[in-house]
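Straight from TrEMBL, the features:
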DOMAIN    13-276  domain 'Deacetylase sirtuin-type'
ACT_SITE  His143  active site, proton acceptor
REGION    284-344  region 'Disordered'
COMPBIAS  330-344  compositional bias 'Basic and acidic residues'
Amino acid sequence: MTKPGYTTDQHPRILEGNDFKALAKYMKSDSCRNVFLMLGAGVSTSAGIPDFRSPGTGLYANLARLNLPFPEAVFEIGFFKNNPIPFYTLAKELYPGRFRPTLTHSFITLLHSHSLLHTCFTQNIDTLERRAGVPAHKIIEAHGSFATQRCIECKTPFDAEKIKKAVLSEEIEIPRCERRRCRGLVKPDIVFFGEGLPNQFHESIRNLREADLLIVLGTSLTVHPFASLVDLVPNDCPRVLINLDEVGHFNKPDDVLFLGKCDDVVRELCKELGWEEELDAAWEKTKDSLEAGEPEPEPEPEESTEDEQDEGPSSKSKAGDLVEPESVEEDKTSPAEFPTEEKL
C-alpha cells in the first residue's frame, strides 16, 4: 500500500490528480514557473491550414497540377535549385497573413503574459505563434518558418517585403539575391530535405532541464529529433498531452492526457485557471493579424490517421500507457512542416 501523493518508488507526486483541476492548481502554484511547449499540426488545422497527407484534401494530393516527379520534391533542396517555381506556387497559397491564429495560439500568449512561458518549441512553419503575439525570443521554430529568408548560396538575408511582393504578385516572380556576384535563389528559412535543423533548436534543448511543466499539443511525436524532446525534461516534471489520439509514452504518475481538439481542451483548461475571458479577448485581437482584404479561411476538417495527428473530437482526460517513441538519436535533416509534423 502506498501513501497518498506518492508513487510506488517513493518519489513524491507533483500533481494531486490527472485532470483539469489538478493541472490548473499546479500551474497557479509557486512550483510552476517554467512551462515548455511542443507544438505540431493539430494546433494550426483549425486555422484552415491543410495538412500534407489527408487523402483528397492534403497539400500533397493537390500538387498534381505542378507536374512534380513526386510530391515531396516541392520541399527538396536539390529540386528547388533546379526548379523553384513549384515551391513558390505552393508558398503563395500558404503565405503568412492568409490565416488567423487559433484559440490555442492565443493560449500561448496568455502563458507568456502570466510569466509562465519559458520556451515554445514548434514544428510548424506558419508563424501563427508570432502573429498571435508570442514574442519571437520565446519561440524555437525547429523546422524554420516563413519569418525570415535568405540566399541559398551566399546566405545573405533578403528583405521581407520584397519576397512577399514577389510571391504574392499575380504572376509569381522568383526572388534572387541582390548581390551582383551572386544572384542565387532566395527561399524562406524553412528546413528542406537535405538541410540541417537551425542551430537555435539544438542550443535550446539543454533548457528543458529547467522545465516545471511540459505541454505537448497536436503532434504525433514521430519525427525526430523533435519527438525526443518529450523525454528530456526532469523526471519529476509533469507532462501533458493534448491531442486527438494517444501517442508517445505518457505513463508516469504525473503525466496527463487530454484527448480532443486542441482549442476545445485549451478552453476547458482556461476555465479551470480562471482565464477564459482573457483567452477570448486575446483571440479577438488576432483578427487584426489577417492581411487587409483577406477573408478568414474555413477550418480544415479534423481527420485522424496512423501517420498524422490533427486535432480531435470530444475532450476527455486520462493517464495511460502509450507507445514508446523512437530512438532519441538526432536526424539533422528532418524536413520542414507546414503545419504537420509528419515527414513530408
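Glycine too: its Cβ is placed from the backbone N, Cα and C atoms.
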Give the number of CB atoms, excluding that of His143 (active site, proton acceptor) itself, located within 10 Å of its CB.
26
Tell me, what is the mean pLDDT of the domain 'Deacetylase sirtuin-type' (13-276)?
92
